[in-house]
């Protein structure tokens, strides 16, 4: 832990959620100072001291409902809340000139455009997955797509717990985008999200994305390249969510030294093959 890292004040949004609690733990482990915490409107946590609320030592941080009321108390914001709250959080960070780390997936085109606009004035890191292993596997998928070429047909299969609301997952789209970039095609033109009836024969250039939901699966992703007489599978399995939180905290530290712009986790860990 560097001396500069010890001085970073982090704001964690949605601290009472599953990811919020892990972000608190990861921030403490990284030696960051949690100085801002927010909870959802109407939550019994509002007005409570963060550490005390979770039956641990006091962190001297009161949980607020509105980020705007406390934004000046932190240096960087981590947001794994909801799409509905994101626009307000972006506006608040822009007004206060604070970097923001976004871990929300399943965003509309309008919200993605809003992120691009915000990145013109502040530092924004937005990734479908903050796991180092996932981002390594995205790079492996990119290399496989380059070496195997268009003769290999591609399917992406992802599995998550029953409560995940968006499909396909942001991570699955990261793999699909990597393949599309290599092929210099638009994912929107070649993505196939389901097959039904007697029209299921595939276009050789299509990228299939299939989603499975059930149980308490943290996250499993398989990218399969089908050739003639052989297939190559690149697979990542997440066994807990702490790797996502640790990666997001790493991105928060990294963002403090970056100029305004839109970045992703591959920028943070230098996996872009430029």
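Including glycine, each Cβ sits where the backbone N, Cα and C put it.
Please treat TrEMBL annotations as automatic predictions, because they have not gone through curation.
According to TrEMBL, the features are:
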- 8-130: domain 'Dihydrodipicolinate reductase N-terminal' (DOMAIN)
- 14, 15, 16, 17, 18, 19, 103, 104, 105, 127, 128, 129, 130: NAD(+) binding site (BINDING)
- 40: NADP(+) binding site (BINDING)
- 133-269: domain 'Dihydrodipicolinate reductase C-terminal' (DOMAIN)
- 160: active site, proton donor/acceptor (ACT_SITE)
- 161, 170, 171: (S)-2,3,4,5-tetrahydrodipicolinate binding site (BINDING)
- 164: active site, proton donor (ACT_SITE)
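Features as recorded by TrEMBL, highlighted on the structure.
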residue: 14; record: NAD(+) binding site; contacts (Cβ under 8 Å, 6+ apart): 20, 38, 39, 40, 79, 80, 81, 82
residue: 18; record: NAD(+) binding site; contacts (Cβ under 8 Å, 6+ apart): 241
residue: 105; record: NAD(+) binding site; contacts (Cβ under 8 Å, 6+ apart): 128, 166, 169, 170, 171
residue: 130; record: NAD(+) binding site; contacts (Cβ under 8 Å, 6+ apart): 103, 243, 244, 245, 246, 247, 248, 250, 251, 265
residue: 160; record: active site, proton donor/acceptor; contacts (Cβ under 8 Å, 6+ apart): 169, 211, 212, 213, 217, 218, 219, 220
residue: 161; record: (S)-2,3,4,5-tetrahydrodipicolinate binding site; contacts (Cβ under 8 Å, 6+ apart): 213, 214, 215, 216, 217, 218
residue: 164; record: active site, proton donor; contacts (Cβ under 8 Å, 6+ apart): 213
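Taken as a whole, the domain 'Dihydrodipicolinate reductase N-terminal' (8-130) shows an average pLDDT of 95 in this prediction. Considering only the residues assigned to NAD(+) binding, 14, 15, 16, 17, 18, 19, 103, 104, 105, 127, 128, 129, 130, the longest pairwise Cα distance works out to 22 Å. Counting Cβ atoms from all protein chains shown, residue 171 ((S)-2,3,4,5-tetrahydrodipicolinate binding site) has 25 others lying within 10 Å of its own Cβ. Around the Cβ of residue 16 (NAD(+) binding site), the same chain contributes 39, 40, 43, 45, 53, 63, each under 8 angstroms and 6 or more positions distant in sequence. Each of the binding-site residues 103, 128, 170 was scored by how many other Cβ atoms lie within 10 Å of its Cβ, and the smallest score goes to 170. Taken through DSSP, the domain 'Dihydrodipicolinate reductase C-terminal' (133-269) splits into 55 helix, 36 strand, 46 coil.
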